[in-house]
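Since the structure comes first, as structure tokens, the remarks are kept for the end.
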Amino acid sequence: MGLNDSSGTLVAPKPKGIIDPNTGRPVGEDDPFFLEINNELADKGFLVTSTEALITWARSGSLMFMTFGLACCAVEMIHTSMPRYDSERFGVAPRASPRQSDIMIVAGTLTNKMAPALRKVYDQMPEPRYVISMGSCANGGGYYHYSYSVVRGCDRIVPVDIYVPGCPPSAEALLYGILLLQKKIRRTGTIER
């Protein structure tokens, strides 16, 4: 039916949702989540959601982390930003300033002398803020647990959301911890935090 067709009134074709240009079929037609979205798009032509769900989705997909590397775990933390693991493909990118960060990754041995600096940096982060404790030393003191100068876990100074075990944990483990944090943000939301 073209514009010059005089057979009747012009009727717009029924939308079929998001179409994959390669296959010509709806995206994720086997996935129940995408099937629900495609059906809603086909029915109404637009999506309806709550503001909190939209904010939570946007916040979990664009997290900025600040590195607080104190020891050897920091090397593995840097690996997650390198091309092999590329944390930016998951919507997580490093930032140098705590005022622009959503996540602080504490990696390494936290000493008593460094603890006030950790708390000060944490307080400079905007709400909602999250902390990932990376490695045995940050989780509970690790190898230096019985030393007089070591804090036995950074959770004594700042509230920790995700613990990544290992000495040092691999970059895959940290990436998994970041993905768990994204899942936690989607589950709990950010407004009531």
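The backbone N, Cα and C atoms fix where each Cβ goes, and this holds for glycine too.
Computed from a predicted structure; not experimentally measured.
Features as listed in Swiss-Prot:
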REGION    1-25  region 'Disordered'
BINDING   CYS72, CYS73, CYS137, CYS167  [4Fe-4S] cluster binding site
* Asked: Going by DSSP, is CYS167 ([4Fe-4S] cluster binding site) part of a helix, a strand, or coil?
  -> coil
* Structure fact -> One residue among the binding-site residues CYS73, CYS137, CYS167 has the fewest other C-beta atoms within 10 A of its C-beta, namely CYS167
* What is the Cβ neighbour count of CYS72 ([4Fe-4S] cluster binding site) at a 10 Å cut-off, with all protein chains included? -> 15
* Asked: From the centroid of the CB atoms of CYS72, CYS73, CYS137, CYS167, the recorded [4Fe-4S] cluster site, which same-chain residues not already listed sit within 8 A by their CB, in sequence order?
  -> ALA71, ALA107, GLY108, THR109, MET134, GLY135, SER136, ALA138, GLY142, GLY166, PRO168, PRO169
